[in-house]
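To keep things clear, I will list the structure first and then write my remarks on it.
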Amino acid sequence: MVTPANVAQIPGLKTLGISLARVDYAPYGLNPPHTHPRPLQRRRFRLPEDLIHFQLNVEKTKAVAIAALSSQNPGVITIANAVFGSSLQFQLMFLQRPSKWTEGG
């Protein structure tokens with residue numbers, strides 16, 4: 001779940017060129033591939049504008065991430081929605097081999 005803190009929630013951010021987002025991940029949760037059309041993200045590293053990226057919680061416990069963005073209204077484009085028009089959320093199930101499959105079967 002993404003909780004934004006941008007100019008829509010905090011009007012005082014207008015003209016400051018900053019916003020934040022808190023991302024709560026379920027165990028093995030995924031923030032699907034996406035891009036931000038306007039900002040450069042300020043985390044422990046910088047992401048160039050329009051770079052497609054994703055985040056994955058690889059642990060069996062919940063996780064939280066805080067993203068600082070250099071735009072008062074960063075926007076987000078989820079790649080699957082943009083390319084395929086999908087409104088379904090990504091799940092990792094299709095990337096994992098079911099346990100009933102066996103080698104050579």
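Just so you know, glycine gets a Cβ as well, placed from its N, Cα and C.
Note that TrEMBL annotation is computational and uncurated.
Annotated oxalate binding site per TrEMBL: Asn31, His36, in sequence order. Look at TrEMBL and you will find His34, His36, His53 tagged as Mn(2+) binding site. Sequence annotations record features per position, and here TrEMBL assigns domain 'Cupin type-1' to 2-38, 46-97.
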Most isolated by CB count within 10 A, of the binding-site residues His34, His36, His53, is His53
What's the CA to CA span in angstrom from His36 (oxalate binding site) over to His53 (Mn(2+) binding site)? 9
According to DSSP, how is the domain 'Cupin type-1' (2-38) divided among helix, strand and coil residues? 3 helix, 17 strand, 17 coil
Can you give me the Cα-Cα distance between His53 (Mn(2+) binding site) and Asn31 (oxalate binding site) in Å, rounded to a whole number? 9
